[in-house]
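Record features (Swiss-Prot):
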{"type": "DOMAIN", "residues": "9-244", "note": "domain 'ATP-grasp'"}
{"type": "BINDING", "residues": "Lys46, Gly53, Arg54, Gly55, Glu99, Thr102, Glu107", "note": "ATP binding site"}
{"type": "BINDING", "residues": "Asn199, Asp213", "note": "Mg(2+) binding site"}
{"type": "BINDING", "residues": "Asn264, Gly321, Ile322, Val323", "note": "substrate binding site"}
Amino acid sequence: MNLHEYQAKSLFAEYGLPVSEGFACDTAQEAVEAAGRIGGNLWVVKCQVHAGGRGKAGGVKVTGDKEEIRAFAEYWLGKNLVTYQTDEKGQPVAKILVESCTDIANELYLGAVVDRATRRVVFMASTEGGVEIEKVAEETPELIHKAIIDPLTGPQPFQARDLGFKLGLNPTQMKQFTKIFMGLATMFVDHDFALLEINPLVITTEGNLHCLDGKIGIDGNALFRQPKIKAMHDPSQDDAREAHAAMFELNYVALDGNVGCMVNGAGLAMGTMDIVNLHGGKPANFLDVGGGATKERVAEAFKIILSDSNVKAVLVNIFGGIVRCDMIAEGIIGAVKEVGVKVPVVVRLEGTNAELGREVLAKSGLDIIAANSLTDAAELVVKAAEGK
């Protein structure tokens, strides 16, 4: 689960981090009034969506004219913002953040993730703020400095000072950076973050550190113990198909290919996508129906997959472990009849009663192609998607 920038900054403020005074607004009139409450003669207005690249897409504006704030809000509220991180439809804009403008002398980067290699929370800092950290990591990895947080001792001030020296901070900024670092590290654990970024963390013209942006990703598995954070969820930012799939305990992620995939087990699903790609196809989705591939869940899975107009063929790859393959085959047949599938369906069954399952499919009279192996299934579904 992701948070909006205004929500992230609200948490930053609770932990004593320096953020701009700002208000999240639902209407153009609220945005104009917010500028008046903030005061000054220069403001920043930002579309609130769960995606980066807002500035290049026109979703951020610096202005000293309240009527321009009104026009910006009237234009964007209710529309979708398309950036390089969204699909072609973009993300809906329901709120506009109005903030005081900050005079910037320099831009830094500060972020943290859960690193699986070290099994620790790892902080990353760089002098290359304001740009994509992935690009920095690829082109100039030596400019990224790290601090690994020991879960036994927690964050330590010396780690902040070490990063601060590498960023070239002066003594006053070092104290500010240490406070920011300690606050973020505590916040990360308190609220079960999976990702945290301040990009950029700026040095103002007065020489002070300031959190100019905020990006937070929450570990979805921990939401049961984070009621306050869970209440911040904005369902409008979720993919409609992914949200619908979650209601039926289906793990679905939309992609941009034309081969629909329905698999039981996340590992097998990723392997299936890889082999489809290997044989020249492009997966249209990741979909894990889980261990209980019942007729009802398979039917919903088909509906979700086929709601994507790009899907030209569907590959069903099921390993029958807990559930027998003949029962799964009957569920697939029932689902195909119920949904009225109009595209080719390739089914690969393996495991308990796999041969019996293939016989059930063959006798169904439906246009279902039974594959003998995963390679065979991938080749068949790619050809079917190409109309061959």
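Count begins at 1; order follows the chain as displayed.
Just so it is clear, glycine is given a Cβ too, placed from its N, Cα and C backbone atoms.
Taking the C-alpha atom of Gly55 (ATP binding site) as reference, the shortest distance to any of the binding-site residues Asn199, Gly321, Val323 belongs to Asn199.
Reduced to three states, the DSSP call for Ile322 (substrate binding site) is coil. If you compare Cα positions, Val323 (substrate binding site) sits closest to Lys46 out of the binding-site residues Lys46, Glu99, Glu107. Between Gly53 (ATP binding site) and Asn264 (substrate binding site), the C-alpha separation comes to 35 Å. Cα-Cα distance from Glu107 (ATP binding site) to Asn199 (Mg(2+) binding site): 8 Å (rounded to the nearest whole number). Straight-line distance linking the Cα atoms of Lys46 (ATP binding site) and Asp213 (Mg(2+) binding site), rounded to a whole number, equals 11 Å. In this structure, Lys46 (ATP binding site) is part of a beta strand by DSSP. If you measure from the Cα atom of Asp213 (Mg(2+) binding site) to that of Glu99 (ATP binding site), you get 11 Å. Taking each Cβ in turn and tallying the other Cβ atoms within 10 Å, the top scorer among the binding-site residues Lys46, Arg54 is Lys46. Thr102 (ATP binding site) sits 59 Å from Ile322 (substrate binding site), taking the C-alpha atoms as the reference points.
Per-site Cβ counts within 10 Å over the binding-site residues Thr102, Asn199, Asn264 peak at Asn264. Note on Val323 (substrate binding site): other Cβ atoms within 10 Å of its Cβ, all shown chains, come to 19. Straight-line distance linking the Cα atoms of Arg54 (ATP binding site) and Gly321 (substrate binding site), rounded to a whole number, equals 46 Å. Glu99 (ATP binding site) and Gly321 (substrate binding site) have their C-alpha atoms 56 Å apart, to the nearest angstrom.
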